[in-house]
Amino acid sequence: MLVRTARLLPLIAANHLCYSRLPSAIQILGWSLGRTLRTMEPQKAAQDPTDHPQTAASAPSSAETTGPRASEKSPPEGLLPGETVVKEGKASILFPSANEVFYNPVQEFNRDLTCAVITEFARDLLVQRGVKVVVPGEKERVVVSLSEEAEQTDGQKDQADGQTDEPALTATVGEKCERGLRVLEGLAASGLRSVRFALEVPGLQSVTANDFSTKAAALISRNARYNGVDHLLQASCQDASMLMYEKRGKKERYDVIDLDPYGSPATFLDAAVQAVADGGLLCITCTDMAVMAGNSGETCYSKYGSVSIKAKYCHEMALRIILHSLDQRAAVYQRYIHPLLSVSVDFYIRVFVRVFTGQATVKNSASKQALIYNCVGCGSFHLQRMGRRTSNGKNMKYSAATGPPVGPDCGHCGQRHQMGGPIWAEPIHDSAFVQKVLSAVSGNPTRFGTSKRIEGVLSMVTEELEDVPLYYTVDQLSSTVHCNTPPLLQFRSALLHAGHRVSLSHACKNAIKTDAPPAVIWDVMRCWEKSNPVKREKLSQTSPAFKILSTEPSLDACFSVRDDANPQSRKRHLTRFQENPQAFWGPKARAKAGGGISTDLQDKRKKFQNKRKTPITDSSQLKNFPCKKFRQGSCNHGDSCCYSHDLEQTNEDKMD
């Protein structure tokens, strides 16, 4: 009802109703709706009824006001008592001070990256519709190359290739484009992300910010008017899944759907793959990393149809699990996915995929998934494809896969295997698209507050081996054989000297992605151990280290550092892995039904923080805790006991 009330305000202004006639409209709508309108009357009174709706709503950063109230020092328009204004990007959002869970400043990188990806997606898609996208502050498009070759701008290429036909229409930020994109944010909360879309992403036809909470929907409407984007942004108060199910028709689908839930997005994926247009963009965030990283494999299977494994490559495996789940659900409706960008950042993962329709291509889905055989002893892993496809001229033949690729025990350490998956075994990035986003961000560094980190992460993404799933870590390999950790450049150089490809990974600082088989990797570690020997007599004969080091290496590894062993992102000292931005920067507590968050979580974190590093040594502090042995009648320390022997205190504790 609050959203409907907000939608009536532009109609009242369009009919040139004066401020004195508003009470009669309030009486018609009822007392409950009138209360909502009275909170918005100061903002309405400050506007001139003859102004255009886009110019009447003043931006929070604007210093110019019209009317007799311009000289008065009053709170900003629409600001209620107890509210605060949070600024991020070009948006200024009203936040109730009682509900701090609505805003997490660490997620600014997530929102900046999403704006950059949707901008490039709109640029590619709207060109086909005859619309040119114009981004503020963007001059000539510079193609960022991580090689040492000279950079060449797109403008220079156009001059060399000749004049090209320009699109007839131009789309700018903040303006409605009739041929533009229809965007849905299914779980909008305060609407910060949607407001930023309307203010910073050009070529949009409409932005729908949905939330199941009526308070959140009312706040979204106020934030849209506060930022002057109510002509683009519409608030919705529905169940996100039901809203997407209602938009499954081909003419009603959204071009972009963004889902950033608290926890798992599993319950929304089925509706999302149906409600997105053919060739549309899905932006999915997962914050349930404990489930996806191997702590609860059975829960991961129930949500995503895949068993997670606790291993060093768990973060990239989480990306491939959500991609597998998306592709599996899309295949039910004869649709398939094409990943554009998949990143593991901080405490969450984020994937950007396009969804297409094609019955013939969906048949390739089985051959794109794979099971994982992971050794519990040495960490070696092998992938087993779920299906096999062979080309027979113009036709494609599909058959069942053969396997398994490993024996009952690991051939390197003799331990057993764990089986996980299935996971997405195809590339998780589109290098050409990632290069476009990287070029746009690097060419316009002042557009986002986290441009440096975006440039660093995307640079590492472009360097990753596309056809090599998962990775090893150098510290894990050295820990397995109990030897010193080899320097990263020397280990990479040894694999390059052996004739294999190698790269880093954005998901882990010490990761090694390589097409070398596990046998070659352990041969390199055996050669390293010869120059950095371990005490063999202290190794158990059943340990993985003893089994691995008992075999002589079949190759002579060369650890001399090569020039191509150090990637350009590392040479340029780009911001790839940032430090913790602030205290308690992780995921916030879930919002309570009545609004606000509990302070018990913060107090509990402080209570148990460093409980093993800084033990209590002062006996006066320990006297506050009852003695368990005394209550059992077995404490022999008497008065010299560090704990309390007060019977009254222990009885009170039992009652509590």
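Cβ coordinates come from backbone N, Cα and C, glycine included.
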- TrEMBL lists zinc finger for one of the ranges 145-172, 397-424, 565-592, 621-648; which is that range? 621-648
- Item | Same-chain residue ranges lying at least 6 outside the domain 'C3H1-type' (621-648) that approach it to Cβ under 8 Å | none
- Item | Local confidence of the domain 'C3H1-type' (621-648) - pLDDT mean | 79
